[in-house]
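Below is one structure. I have some questions about it.
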Amino acid sequence: MDWLLFRNICLLILFMVVLGVNSEFIVEVKELDIENGTTTWQTVRRQKREWIKFAAACREGEDNSKRNPIARIRSDCEVSQRITYRISGAGIDRPPYGVFTINPRTGEINITSVVDREITPLFLIHCRALNSRGEDLERPLELRVKVMDVNDNPPVFTQNVYTANIEENSDANALVVKLSATDADEDNHLNSKIAYKIISQEPAGAPMFMVNRYTGEVRTMSNFLDREQHSMYNLLVRGSDRDGATDGLSSECDCRIKILDVNDNFPILEKTSYSASIEENCLSSELIRLQAIDLDEEGTDNWLAQYSILSGNDGNWFEIQTDPKTNEGILKVVKMLDYEQEPNIYLSIGVRNQAEFHHSVASQFQMHSTPVRIQVVNVREGPTFSPSSMTFSLRGGMRGASLMNYVLGTYTAIDMDTGNPATNVRYVIGHDAGSWLKVDSRTGEIQFSREFDMKSKYITDGIYAAQILAIDDGSGRTATGTICIEIPDANDYCPVIYAESRSVCTHASSVRIYVNDHSFGSPFTFCVVDESPDIANIWDIRSINGTSAILMTEQTLSPGPYQIPILVKDSHNRACELPQTVLLDACFCDDHHVCLHSSTTGIYTGDITWVTDDMYGTVTDDGVRQSNVGLGPAGIGMIILGLLLLLLSPLLLLMCCCKRRQPEGLGTRFAPVPEGGEGVMQPWRIEGAHPEDRDVSNICVPMTASNTQDRIDSSEIYTNTYAGGGTVEGGVSGVELNTGVGTATGMVAAGATGTLRKRSSTIGTLREYQDTGMNMAFLDSYFSEKAYAYADEDEGRPANDCLLIYDHEGAGSPVGSIGCCSWIVDDLDESYIETLDPKFRTLAEICLDTEIEPFPSHQACIPISTDLPLLGPNYFVNESSGMTLSEAEFQAEMAAASEPMIHGDIIVTETYTTSDPCVQPTTIVFDSQIPPNVVVTETVMAPVYDVQGNICVPAEIANTHNVYYAERVVASPGIPDMGNSNISDACIGPVMSGGILVGPEIQVTQMMSPDIHISQTTGSTSPMTSQHRVTRYSNMHYSRQ
């Protein structure tokens, strides 16, 4: 029974689904056909219970009731039952109320009033279909009623009056102001699209501004705006909607534009010349006014003038200032003029503005000068002091009557009219703070009236100041002068001269004086005080050092006493108050310049040293000292004793050295230095460990039989010569000359012999190494002979910088299709470029546009097969080659390294130009098991001579197709034999002429060297020395005979 219930339920659900799918909500919209004048109903069916959105529209401001009903809604459920339709939303149950109504039975929607789009641009009506129980039979439907816009709103400007400023002479298209207007009509509609237009301009004339039709931006039309012509413009701007159409609405606004002033006008003076007069010795705060004319706006820096005196004011008598109210220049006299010096003064006045000129006229400005003549009027002048102040100095040490009688000096006035000393004047002391001075009323002599204190408060920095007045008896004019008196400082520790009396000869007299320095004021300055003309003319004093001087005279003195006043000043320019007197007694002298009647036993004249003892001798006038000293017996004995001690001193030293060492006592034993210490001198006479003996005498190479297998004897001798070396970070910096001679014999297949000769020079930094025990005498002799041999060879060698001509340059390939072998290029190994000579490597770098790293010097071992079975027929290959070598030698001077050098070698490669004998045909044995028609491409570093045997490849690649076999030979300390029984079955087969192969394609590329059979150490005794061979590559093609 359960399945029956389930079946019934499923059938019921299926029935409901079918019923729901087939139901529909129909909306009918009534539209008016304007062209035909008919009204039609359009039915919109909603399938699958989906409501269609209502798209009806109404025009604002119109009576739309003639279009009722504007819409009709209907549900397909009304077929089976009674449905009531209801609507809600704005215009129905929300403001504005009562706009729309609906027939609940038929679903017709009517509009009942006029609508305004600016208030409600869109009405949303919610429609419902209800059954008798008030239940929704459908989901509510939302209808949108759009209100169509009409042009019922004019544009409105944001401001009624716009105010803007712009500078005169502005560039064209300069923005002045931007106008803005709004329209309440629908956005992005023609009814709200506003167009701007200038209706009028005041003052009238040429249009100066323009307005953008769409943006409302007001801009200048040209750069002719001039504030001096019109300082204000009024514009009437209109804004019209509907893009300025005639049927559009519009409004207007005012735009007031003020033209701002710029400094584009040059100021000029009102007159072309000016003149004025002034009495001499007078000042004036306003001698003359100069009016400047400027067309710029008054009261601004563009209008305010700036005056300057261009010329004529050499004495700085005048100044000129600007009156900011009137813009006049006021010429002032700031320094008294003198008619006698300048009766007429001619000035040049220039004017400009305080503000910088506008860039449009700045380059046109030139300052013009206006002449101004100033006439100086002569007047009766009184006395004057010239200079206005005078300085007097007071000698130190003056006291009492000497101070009262001392005349400081004379300070008189002059008559300004004549320039001579004034006559009808009297002098009086003016300002005198200490009342110390007095002046003669007629002569102007100034003296002290009383004594004063050196440390008085009226003395400032050693200067006492007072004033003196000169009064004209006739006019009563008064002139004032300033007196400055230098008061010397009181020195409590003044330098004192030794005052003992001294005797001098009457002719060519001189004496040395000394100063007692109590205050450490040296060095001292000496001078003879000019108390009388005789003293100053006769005596002269010269300083010897800081504390002494020599007093001399060149005249002949009269016998008698002399008093010479000398003033001594210390390093601070301080001296005693009174000059010091040196007492001298002039007397007649004998031939030895000794005073005849003086109590002094001896005196030196003509020299700077004065001595009061006669044991030292005398000095003549020509400066030759005549000694009065005699050698007594005691002196002679001391000299003999000194000589004896000097002779006995070596014997005394010898006795001290031969004395036996005491068994005990401090310093009698020495600690022995242990053997092997750093300070021990070794018997091998070099630093470091004991040298190792080596046998290097085997320089002969035994011959090897043709059938001998795996036997290669070698020997090699190298010598190293270093020069100019210095230790740098554990290495030796200098020049290395490596010379090596090696011989080797060996057997390869049918046999081959060769000789290796090497020479290389290395300049650079070499590592430090331990010297070995070699027979240096033998090596020196050997390499000396080799050096001479090389020198002879170099002399006989042709120049290597010219074109070499050979007898046979070769011929073209007999095979015409040799150019077709370009396909081999792709398979060639280009690594040989890395081992090119530096000159060729530079060319390769230029061609390849890349930098080629030098090929590393590594050690390689090349096997040599010496005993291979003959497994097949013999093939003969004719090969010939030539080898061209060149040699370049140079000598480099040693230079000190500017900075530590890294370890490394600089290799100088030597090449030679020789010719070898003709190469005989060689026999190469190939394995018969390998099929014929095999191409062998061989890259040869240098021709191989007298080589017979098989050229073999490793056994593991013997049966491999497309094999590329490269073989490189690099100098190495040990090269084993090339023979190997393991690869005997991988020998190369015959070669066909023309380069065309049949059968297995085995391509073998081999690089060979002339020393390929040498099995020996090719290095040098220096661990940092490396040899490089720079050879050329050549291609050798084998052909079958």
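The backbone N, Cα and C atoms fix where each Cβ goes, and this holds for glycine too.
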With Swiss-Prot open, pick whichever of N36, N545 is annotated N-linked glycosylation site.
N545
Can you tell me which of these residues Swiss-Prot lists as N-linked glycosylation site: N110, N878?
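Candidates were N110, N878; Swiss-Prot attaches N-linked glycosylation site to N110.
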Taking the Cα atoms as reference points, how far is N110 (N-linked glycosylation site) from N545 (N-linked glycosylation site) in Å?
136
Where DSSP helix means H, G or I and strand means E or B, what are the helix, strand and coil counts for the domain 'Cadherin 3' (270-385)?
3 helix, 55 strand, 58 coil
What three-state secondary structure does DSSP assign to N545 (N-linked glycosylation site)?
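Going by the DSSP assignment, N545 (N-linked glycosylation site) belongs to neither helix nor strand, so it counts as coil.
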Quick one: among the glycosylation sites N110, N545, which has the most Cβ atoms sitting within 10 Å of its own Cβ?
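Per the Cβ count within 10 Å, the most buried is N110.
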When secondary structure is assigned with DSSP, how many helix, strand and coil residues does the domain 'Cadherin 1' (50-157) contain?
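Its residues fall into 8 helix, 44 strand, 56 coil.
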